[in-house]
């Protein structure tokens, strides 16, 4: 009886799996797809073993007796009287020969039933298993499915917009110099609706009061941080301007020397996605004026400039498509270029990741700061804000017109804010801070890093002398002198190994700046209609403490990946991992970075604006941005601007006619022929025309997946459930047939 008890115990333990082998409480990590597949497979095995025991161990009696599920003749396996005390078979010569026919012959209908059920069930299960394995095989080695919005969004499947197949699109737009408090119902109505989560466009929206940039809060360091996930001290672009002593070369905007850009072991997002999916999905990235994306590494490899201890630079380090910087480009042309990428007519040529850079607000801010309503340049400033807002609105409308929003995610960010500087009142002159002889004897290079000064010395042994001379020459309430390696810990800027770092830095408080005499003269000659009788005027700058109010940046995510709600402020080093996640890049294929996972954790539980508690200097924010700033309304408790308060400033009247034309333009009018590195037909087909695009992905299926179709994960789960039900139904049917026959 011991063996029978053991088998019954096992049967009881597995019993629950028979009803629902895929129940949710069996999966403990709902965000780990690899664990999910493993758990699903484990459930399937348990379910199969459970039912196989039932198939092979139904109650049997010898000879012509009938089986009974609760009768006294219920037996399992070898008859117990054939075993000795140790469980070993005994001599069967004394046993009736008819009894030995148990389960071995076909003279009884009952054994035939058992054998048929076992073989047929096993066959069906084997077919199902092969199907499951083929379907479950991901496009890439390890899949990531951690979307937080629509359960129908899957980065690995193809969608259909009604005319063409698409892989999911991810578009990143960076608004240089755009502070989140610039958003208002009056000046940026579209961004206002996004920021308040009230945009009625059928897309989920996630936002945050502000995103924290990296120090120094300058354009090139922060744009490289956004796409690498690394602090500037780690990725090596430590400022907009610096000296590279190894190359004996100065870096500044416009320098495209690959030896500087590839100096550290960094990997921008376009390299990550193009490498991770190489050979599986024809994943391509396109960048439009993104800082650092137009570096040509071909010459670097051909001339063997790469150090011997490093491998040649991968071709994926350059985006498949990239556009060089053009400061004079109108926003209508920028929109046209982005839509050209979207409108490419085949999967093989269309990029799945597009990054665009919008410099307009930053360019204005450097000239005049952020003018308040009573200041001279306010109307010009609001016009600039309105143009940027309209650009974003028409970009989203272009996606909607093309029926792309159910599988397109848009990420809107900025790199930093802006601080107003009253000139010359709040400026100190570099030449007045250090004796001319000391500058000549000790200083090799002195660069203006925005409002800061970075000083490289000829001999590190002179650091203390120069440091103390500077400290005695400045107002330490407004300016702080730092020796490299002694920056505040929260800046994440201490690393003695980075050779791009200057020896000594002078960092002002927001609203103050260090300038050279020559620079001050140049600035004073600019167009400053706000200059008073004392020749005092306002400019703007950035580069300060990244936690300063003036330096805050924007983050808004919209699309099927995102949930609806707010998240707490976070560091911009999280954006790289966010983009990897949206695109479906597994963690093992991501480059090492400084992201903490904080953003991903928050996306799991978005909050309301009331739940995101913000303690802030709202008096200062009102004085700088006005009480009707959307930020002040949401988190400062200030009243909404009423129609009476609001001067009619409808941005539709300010729309660029060309931009309107492009947004409404059918994609058939946007065709492009580009030089490709692979054999791809030219884009002469129009997106809305009659075409028969072929599938070129590594998935064997050419079936068009509609934009509202279930994801691969949901589809597979349905197949598993259906197969399980099918097997159960077949077995029950066989039971009924055999029972009726007997």
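Even glycines carry a Cβ here, placed using N, Cα and C.
Swiss-Prot tags one of the stretches 114-134, 135-155, 156-176 as transmembrane segment, and that stretch is 114-134.
Swiss-Prot lists region 'Disordered' for one of the ranges 686-711, 712-737, namely 686-711. Residue 296 (N-linked glycosylation site) sits 37 Å from residue 204 (N-linked glycosylation site), taking the C-alpha atoms as the reference points. Among the recorded positions 161, 204, 219, the ones whose Cα sits within 10 Å of the Cα of residue 403 (N-linked glycosylation site) are 161. Other Cβ atoms within 10 Å of the Cβ of residue 204 (N-linked glycosylation site) number 21 in total over all chains. For the pair residue 204 (N-linked glycosylation site) and residue 161 (N-linked glycosylation site), the Cα-Cα distance reads 19 Å. Among the listed glycosylation sites, namely 161, 403, the Cβ with the most fellow Cβ atoms inside 10 Å is that of 161. Ranking the recorded positions 219, 296 by other CB atoms within 10 A of the CB puts 296 at the bottom.
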